[in-house]
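Here is what TrEMBL records for this protein:
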type   : residues  : note
REGION : B:1-27    : region 'Disordered'
REGION : B:45-75   : region 'Disordered'
REGION : B:128-150 : region 'Disordered'
DOMAIN : B:169-291 : domain 'FUZ/MON1/HPS1 first Longin'
DOMAIN : B:330-427 : domain 'FUZ/MON1/HPS1 second Longin'
DOMAIN : B:458-558 : domain 'FUZ/MON1/HPS1 third Longin'
Amino acid sequence: MRSGDSYQVMLIGDSAVGKTCLLVRFKDNTFLSGSFISTVGIDFRNKVVNVDGTKVKLQIWDTAGQERFRSVTHAYYRDANALLLLYDVTNKASFDNIRAWLAEINEYAQDDVVIMLLGNKSDMTSERLVRREDGERLAKEYGTAFMETSAKTGLNVELAFMAIARDLKSRKSRRPNEPKFNVAEYVDQEKQKPSCCS
Amino acid sequence: MAAEISNDSPSDEILQGSEPGASRNSMLLATDSYDDLASYLSDTNLSSDRDRLSSGSISEITHPTETESFDPKSVISEEVGPEVVENEINEQLENSLDVSASPVDEPAALATSDSDTVTERIGLDTPTSQLSELSTDHSQPEACTGNNSDEQEEEVEYVHSQEWRQHRKHVFILSQSGKPIYSRHGDEDRLVTLMGVMQALVSVIGDGQDLLRCITAGSHKMVFLIRENLVLVAAARSIESMPQLLLQLTYVYNQVLSVLTLSQLSRIFKQRRNYDLRRLLTGAEKFFDNLLNTMDRDPCFFLGAVRCLPLESSMRDTIAQSIAQNAKVKDLVFAILIADNQLITLVRMKKYFLHPLDLHLIFNLVSASESFKAAESWTPICLPKFDSGGYLHAHISYMDEECRSCLLLLTVDRDVFFTLSECKEKIRERLVKYKCLAAIAESVDQNGYKTSQVGIPELRHFLYKSRSAAQFSCPEYEAPYHTADQRDRLFGLYQFLHHRIHSSSRPLKILFHVGSHETLLGWVTSGFELYAVFGPLVTKSAAINSVNKLLKWIKKEEDRFFILNSPTF
């Protein structure tokens, strides 16, 4: 493993759910509007974040969602410390595929990998097809943290990555008798709910 | 008004080996891309294990101990001189065309005796409904099932729409069982019936132990490339010849392999004959679109050659050294620096060569993908000429903020991303330090060189290919070829000239052609190919004098236009 506080984070999920947009919002605080630029293979970006006064380096793998890249991305699951699993709240199929993604994670990733389920594009209220409660229920079933995000407005984007950084860091520095950091609880406290959705 | 001189050469024929851009130590395989055509045209069984001119093998690199025995593979393809291959090709092309007894230029070039009837039936004005009857007649129900009559009517309407029909060139990919995979224009889902017809035609003629190659209907040519699992069809109303269209289909086929690998493709269709391949090609449409659009304007494809970014040779050497010294990583096969679809340098593992066709696919990957501009990428890519059986892993990154030059590091080891990322940073630092990036930017912005720099007033434009180096050079497209229409027309002239010279039934060494707007001179020797465009009033002797002068000029500039050495790690 790499020295210092450096962690590998991987973004996964169906094609066109907004993985790259989410990452660009987090890294550069901009939104990639206009035409859809699909990722080819895996893109790599670094971002150093500050958690309680210490620097944590996130090495972020942004994967292509298309089926033909699955066999390639599998190989990188085992090195990932955290996985951001995305679906698109306006695309029912992308939500239905989440179970298949979780099965893949189960098969290929490390046992202690941090998983966060994200329902992206929550700003598109009129086209929404997946209710927030559905996402919450699924996350509960699999015991993962969950929130809805919007790469367009920036809702919960920073929080998603920061929660992961916090969790990874606390795992490393935690003394045996300290309480375990619970990313799901932390996220529940901190996350903002989109004001206009039902 | 064409005068042809078949077996006559200008007085001072240049000796092979001293023509401009001659390379004794080429980094590219100098076999012409027409070799693919030859093997295809001479091949009647569709087995996938036909001999291929592969330049390497991934397993050879990953398991070096097992490989000593079949090491000569790459050497063989190197030793086969371009001349020999070319002759063989011509012979094979001729033979195969003799069998089908239908020279390309003549109408109704079809490979079987059924040709007349089928040609009549597929005439473009024939209603599709009739054609679908044809397909059902011949027991290919799966291609047409699932359509109720409403949908079929809608489809027929769609195929008859002016908008769809006006496209100059259609390209289709379908599976052996007739499932639509890709259509260059329009939604392939609405072309199910049409593709069913294509599949039926292929299968009917296949039943007679024959291969469907080409149908001519009026001004349209329909060319078929039939591979083990896929059928590729081009329907074009253009000046392009049948072999040229076939070559384009070969590129499209290789693009499929580049995305999926031949082994994966075979495995999928072995498991399920009627698999919908679109599932695995999602997101790859842009590669096909971009490739087809580029093939309509870039001569590199029919020339089977690569264009290099003009640079001082000392600068190019510095770049190559910066790369070679900082990318000493085990299992790194190729390091390639490109800008604007032109090669800057290629550093290779000793023993392994790249085929121009593979390099064209790499150019296509880079120019069709916006995502590489934003971050370092790690992507699997299959280079079908290198090894169609597996993926190489490519670390792809742009060297500068403006995204001019792009570095690709290709390895067989999927776990070395971070190592290559460090290499890339070191290489970039060197390129900045020695002002290489500035020199590249200058050359890119300058947009090549101008025809006027040659100093021949009547010369308008030219293409020059060094056959031993598999590289070509051409000046910028200036007036009168600066508009898209005129440039397309010039491209058509080059295709015409190329086809006439390489015509399998009557290959030429020199062709002098007087057209209404310009005069063309094509000249092919064992060392080079030259296609020159003059004003309409130039005489034959003046044109030949000019061409000799042009060759001297290119010779003088060859260090800038061509990569004549072949750096290795």
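A Cβ is built for glycine as well, from the same backbone N, Cα and C atoms used for every other residue.
No curator has checked TrEMBL annotations; they are predicted automatically.
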As a test of reading the model: what is the averaged pLDDT for the domain 'FUZ/MON1/HPS1 first Longin' (B:169-291)?
93
Work out, from DSSP, the number of helix, strand and coil residues along the domain 'FUZ/MON1/HPS1 third Longin' (B:458-558).
38 helix, 29 strand, 34 coil
Per-state residue totals over the domain 'FUZ/MON1/HPS1 first Longin' (B:169-291) - DSSP helix, strand, coil:
60 helix, 29 strand, 34 coil
Looking only at the domain 'FUZ/MON1/HPS1 second Longin' (B:330-427), what are its DSSP counts of helix, strand and coil residues?
31 helix, 36 strand, 31 coil
